[in-house]
Every structure is written in C-alpha cells, then in structure tokens.
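Student: To start, I am sharing the structure in question, which I have written as structure tokens.
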Amino acid sequence: MHPVKKLKMKANNKAIINDRNIEVFIGQTLRIGVILSCAVALIGGIMYLLHHGMQTIPDYTTFHGEDASYTSLPGIIKGLGTGSATEIIQLGVAILIATPILRIVLSLVSFILEKDKLYVVITLIVLGVIMTSMFGGLKV
Amino acid sequence: MLILTFTLILLAGAYMAGLVGSLTGLGGGVVVIPLLTLVFHIDMRYAIGAALVSSIATSSGSASAYVKEGITNIRVGMFLEIATTIGAVCGALIAVYTPVNFVAILFGATLIFSAAMTLRKKNEHADMEGSPLAEKLKLNGSYPTKDGVIHYKLKNVGGGFSIMTLAGVLSGLLGIGSGALKVLAMDTAMRIPFRVSTTTSNFMVGVTAAASAVVYLQRGYIDPGIAMPVIIGVLAGALTGTRLLMRINPKKLRLIFSIAITIIALQMIYNGLQHKF
C-alpha cells in the first residue's frame, strides 16, 4: 500500500495512531538529538584541546561580542569545511538548539494527523515566534 | 590558566551543576551562572549563553525519560508556549538595554524565589471542576498512576498564561529555564497536579530556551570554549541525578541545596549592587 494512504488510514483509526505512540517517538527523537549534539561537541572539544589545550585561556572577563565566525549558521558551516574545532563545537550547540524546535514540528505533524485544527493553529503560532526569533534580525 | 586545566575544572563544575539542578528540579542553568561569574569571573553574558545551552540540554535529556511515563500534557505545554516563547524573545530584546549588574540582581532574586518554591507544599490534588475556557482549549487531561488513571481539570487559564509570559521574559533575560515560575503558574493558578506540571514545565523549558538561544548565538554569547565542557558536564550530571532520584528521597537534599542556592543568590545580589560584574 502507498505509505501516505497507510498513514491516512492510521489517522482514521485512533486506536493505532494515538498520542502515546507519537509521544514515545518524540521522546526518542529528543534523546537522539541530545546524544548527537553531545557527541559532536565532544569530537570538537577533543580537537580543540589537542590544538589549543596548552595555550592560556582567552580573556573571558570581558565580552567580545559577535566578531567571531561561529555566531551564524553560514559561519559555522564555512568553518566545518576547514575542520575548525570551535565550529564543530558550535555545530553541536546548533543541534542542541534545534532539538526542541524539531519537537514542535513533530507535535505539529501529530496534531495534523489527529485533525485537531485548534492545536495545529496554536503550534503554528509557537513555530512562527521561534522563526521570527531566528530570521527576524532580532540580534540588534 | 591553561585551556586544558580550565576545561577540566569547568567540566567537573558543570557536572555538579547538572547533578544539583536535577536533584532540586531547578535545572542546570541556575548553578552554571554563579559558577562561571563568581568562581571564574567570566563575563555575565558568556554565563547567560552557557546557562541557556545547559537549560536546553537538561530539558531534552530528561524529557525523553518523562515522555515514556505519559504524564506530560502536550496541549497545555503547547498552548502556554505561545506565552513563554513571546516572553523569551522580548526578554532577549530587553537584555541589550539592561545593565549587566541589574541582570545579576534579578538573577539572584529569581534564584531565592526558585529555592523557596522547591520546598513548598505541592498540589497533589486533581480538580474535578474546570473552567469553560479550559474545556474549549482541550486542556483537561489525565495521567496513569499505580491506582489507575487520574483525570484532572483546569482553572484560571488567563492567569496562568500571564505568569507564563513573565516566566518567558525572565528566561530570555537570564538564560535560565525559570521552571519554578512555570510550575507556580500551572500548580497554583491553573490547579494542575504537580506531577503533570513538573514534567510539562520541563517540556516547555527547552522550547522557551531555544526561542532566545538563537538570538544569543548570533550575538556571540555562546562561546565554544565554555559551551563544550558545560554541555557535556551538565548532561552527565543530570543523568546521574535522575538515577539517584530513583533510589534516594531528595527531601533532605533539597533543603540543603536550597540553603546553599540562597547563599549563592545573596552573593550575586551583593556583587550586582557593588557593580562587580
């Protein structure tokens, strides 16, 4: 059977696709996201320590702001190409931030499958706020 | 100090932060900020960035365990996230115009409030009478216990929503999950049983923190040299804490930690008033 049709059938049969199944799936996604971000940060961290471990720490007592290349996704991706350790760590951070956002997207899918229009709208509002925060140029 | 030494000390400190954060239910962020600013004299802004990262790590890390138990009320969480995410984005915007020392004082005050909240009597009671708005928004729910499924209904949706907006602003401004305020809104205002409100609050912390973390990442608050040991340490500490919670009664520990956290909070307020940040 076509997978989309199968999903639709499942949606009609509430006993098969219920809140619990989706929640367990969401739980697994969260765990994978956390493990992945931790692993990426660890790899970047080991590289960082191998290259810079014997240097004295940068001056963290004053704030330097956003001059560094790893403060934007394009910057992080560019740094990954050169194998830069700090950018690999920041990729781990980016995965970590993306995990709860992915959870919202998965909840949206589950509300669509349940045909719960009210909560599809509510979830879209929450996603909209997060997207505004990401792309709205709010960093000032 | 060498980067290697700094990373290892911070890793151990973040582990403790994650452990204390999960045992008290306050989250990793509340211990990370004093650790970085008072012990390492790191700029408040880097500390806020690190706290945000650890809030998301503890939230996602423990949520996967909570979800299995089927207690989290996803609809309540999602509806109130409208309030917390808008609040968090506002908080992140206000942060630019807020003096660092004021942020430290506000953090101290929030910390004392949170410590007191962990000791209060919890709302174990499931209400049978809800408000029409809660019915309309499909917020009423149920959760499984040893003695069967317990159904509960909600009240005062507007009041809870307002407190949640404030919780979001504080979360965006300070980088912490402000779980205590979230539980207050759900327990006290909306009359949700605390087992549900604790796990639902935990679900919301990650989403709220992610909403402002994006802005802070772009502003350069999240430094890889600090974030790396913090993520790994806090997560490992939170995992140990969750395991410990199954075997010990955290009541006495909570009291000890609440006193310790209050002392740390007073130190933050004092330093803030002395303009030491």
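Each residue, glycine too, has its Cβ placed from N, Cα and C.
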Student: Looking at the ranges B:1-18, B:253-270, which is given as transmembrane segment in TrEMBL?
Tutor: B:253-270
Student: Taking B:24-45, B:46-67, B:68-89 as the choices, which stretch does TrEMBL tie to transmembrane segment?
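Tutor: Spelled out, TrEMBL records transmembrane segment over residues B:46-67, not the other listed ranges.
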Student: Give the range, chosen from B:205-225, B:226-246, that TrEMBL lists as transmembrane segment.
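Tutor: Spelled out, TrEMBL records transmembrane segment over residues B:226-246, not the other listed ranges.
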Student: According to TrEMBL, which listed range is transmembrane segment: B:98-118, B:161-181?
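Tutor: That would be B:161-181, per the transmembrane segment entry in TrEMBL.
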Student: Restricting to the same chain and to residues at least six past its boundaries, which positions have a Cβ under 8 Å from a Cβ of the transmembrane segment (B:46-67)?
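Tutor: Same-chain contacts beyond the ends: 14, 17-18, 21-22, 27-30, 32-33, 36-37, 95, 103, 171, 174-177, 199, 202-203, 205-206, 209-210, 212-213, 216-217, 221-223, 226-227, 230-231, 234-235, 238-239, 242.
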